[in-house]
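Here the structure comes first, spelled out in structure tokens, and everything after it is commentary.
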């Protein structure tokens, strides 16, 4: 009888313990932690086989019922650990207490500050593509300077409204984040009739922009090397082939851990180069050609300048992810303000000062105007930065392609390009190499930095930065918008559409003419 009573009490205690554990699991889930399991971890207590089987069966029933209430996946058999953002189970040697304490102490996926987020945005909008801005002033004059300011204001605004589309008001009147990415926003706008159409359009635009960015890196590498060593019997196309040979190992990348170590150095080197260019221009301030800055525009070539300016501000692709990883998302608006104000000032000064120095002789890549004594050194730094920057958009494009075409579960168009052990299959590696070769072929047959930049900015840049954010904002938050927000969204959509179509047509015409002249030569 005493044995039976002890058994009943043991079962009741176990039930209470597991119920408490399940409630704690739900609490951690609400705090943003995801329950994960480790089948090799140590159990809570040691007992005989029959009691262990009974306890685990009871534990699974309780946790499953609680998980169904919380909307979470039921944990597997074993000890429970809590991990943020699904980072996977802890090592077998880690105990339950160590797992919980390590997460509570801030380990896992770290959040970034507003300053760190601003640094990421600055890297995107202050990259080496500002080298084409003086060429935009050549064809736009003072209107080009106005567009640099106007594009900064509009891109800052559309970045904010894009993030606003991630949030909705719940039943309690609280603003909560219900979407995680640009694709989620696009799918929500096209639901319920076409729930996947919007995401596919955004994915196509992202792939085009990322691949075109890779092509521009190859083009600018060949251009800079050719102009740095004009006496060598090596053509620009040959330099592009050499650059691509250096970039071919990118096809073997599994992650960007190795490449990310160089990103800060590359950015700092680029700022130093910009300072050197401005310093040289200031040394020739007495010769500045203020009379060459026009108040009128070149109707045929100015739309290309619009695409160049817009492309230099593109950062909307990764803003949802960036805001989601900030420690204080409320600081996002302030971060966008100061980053775009700084970008506007620096870009405007750089473009104007460089154009005043060389006036009508301004080239597509402004460093080609530098004297040969310092041009080679500056260009070598820029080539290094371009080659080290190439893996970032390449890897992002590969991830989008693999996820949408090869890893989208039963909806994938092709079989998985990864084996059961996680290794890339031979034909998957071949496709990656083919993408690298494709960027080379485009760079060889269309080696025009400004035209390609204008085409990309007019097509995907205007779409992702102007058209889609304003359209999504109107669609998702129509009933809650003030009249001035509606006016701004409609105006940005109309003006952006006109500039996009005009810039795309003129850039395409320029590319066709350039290609025809290359074929004739």
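In case you wondered, yes, glycine gets a Cβ from its N, Cα and C as well.
Predicted automatically and left uncurated, TrEMBL annotations should be read as such.
Marked as region 'Disordered' by TrEMBL: 67-101.
Annotation comment: TrEMBL describes 111-507 as domain 'Amino acid transporter transmembrane'.
According to TrEMBL, the feature transmembrane segment maps to 143-167 (among others).
Summarising the annotation, TrEMBL assigns transmembrane segment to 201-226 (among others).
When Cβ-Cβ distances below 8 Å are used as the criterion, the transmembrane segment (238-255) is approached by residues 218-219, 221-222, 225-226, 383, 386-387, 390-391, 394-395, 398, 424, 429, 432-433, 435-437, 439-440, 443-444, 447 of the same chain, each at least six residues removed from its ends. Taken from TrEMBL, the feature transmembrane segment applies to 238-255 (among others).
Per TrEMBL, the feature transmembrane segment maps to 262-282 (among others).
If you look up TrEMBL, you'll see 302-322 (among others) marked as transmembrane segment.
Taken from TrEMBL, the feature transmembrane segment applies to 334-356 (among others). Sequence-distant neighbours of the transmembrane segment (334-356) (same chain, 6+ residues past either end, Cβ-Cβ under 8 Å): 114, 117-118, 121-122, 125-126, 130, 133-134, 136-138, 144-145, 148-149, 152-153, 155-156, 159-160, 274, 277-278, 281-282, 288-290, 292-293, 312-313, 362, 366, 369.
Here the transmembrane segment (376-401) has Cβ contacts under 8 Å with residues 127-128, 131, 203, 206-207, 210-211, 213-214, 217-218, 220-221, 224-225, 227-229, 243, 246-247, 250, 253, 256, 259, 262-263, 266, 269-270, 272-273, 276-277, 367, 370, 432, 435-436, 439 of the same chain, all six or more residues outside its ends. The transmembrane segment feature in TrEMBL is assigned to 376-401 (among others).
Marked as transmembrane segment by TrEMBL: 429-446 (among others).
Among the features that TrEMBL reports, transmembrane segment is placed at 452-474 (among others).
Taken from TrEMBL, the feature transmembrane segment applies to 486-505 (among others). Outside the transmembrane segment (486-505), and at least 6 residues removed from its termini, the chain residues within Cβ reach (under 8 Å) are 154, 157-158, 161, 303-304, 306-307, 310, 454-455, 457-459, 462-463, 465-467, 470-471, 473-474, 478.
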With the transmembrane segment (452-474) as the reference, which stretch in 143-167, 201-226, 302-322 has the largest tally of C-beta pairs below 8 Å? 302-322
Among the ranges 143-167, 302-322, 429-446, the one whose Cβ pairs under 8 Å to the transmembrane segment (201-226) are most numerous: 429-446
